[in-house]
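Worksheet for the structure shown next.
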Amino acid sequence: MLPAAMKGLGLALLAVLLCSAPAHGLWCQDCTLTTNSSHCTPKQCQPSDTVCASVRITDPSSSRKDHSVNKMCASSCDFVKRHFFSDYLMGFINSGILKVDVDCCEKDLCNGAAGAGHSPWALAGGLLLSLGPALLWAGP
């Protein structure tokens, strides 16, 4: 067992280390007008930024479903919406030429690429892969 003075010194050192660690701001994926989210890169946000945003702009009339993706740090989701739903773009949105989807989140890199498939086949495949070794071990 450590003497009381050593325990006290250890606790004081731990408190100093915890309190002196630099505060790290939010990290978000960052890219502009890309068609592929894998082209986005992590970026440390400014202290005033509180959300990560993803903006997807699509052309609903296109048979190819053309789209562009913008990912960024922002001070608020309302700020992003005001920017992308500006008077200039509203004409295109209201006429059906463009569709704009804005999603915001508050955790590091939460605006990254979507998770692996949400299809029933992806779920079934994952379940089979995880149960496979147990089924083989159980044997006939």
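Cβ coordinates are placed from backbone N, Cα and C, and glycine is handled just like the others.
Cross-referencing Cys52, Cys73, Cys104 with Swiss-Prot gives Cys104 as the cysteine bonded to Cys77, criterion being a recorded disulfide. The disulfide bond recorded by Swiss-Prot for Cys52 reaches one of Cys28, Cys31; that cysteine is Cys28. In the three-state DSSP reading, Asn36 (N-linked glycosylation site) counts as coil.
Put simply, of the disulfide-bonded residues Cys45, Cys52, Cys110, the one whose Cα is nearest the Cα of Cys104 (disulfide bond) is Cys52. Taking DSSP states H, G and I as helix and E and B as strand, the domain 'UPAR/Ly6' (26-91) has 16 helix, 28 strand, 22 coil. You'll find the Cα of Cys73 (disulfide bond) roughly 18 Å from the Cα of Asn36 (N-linked glycosylation site).
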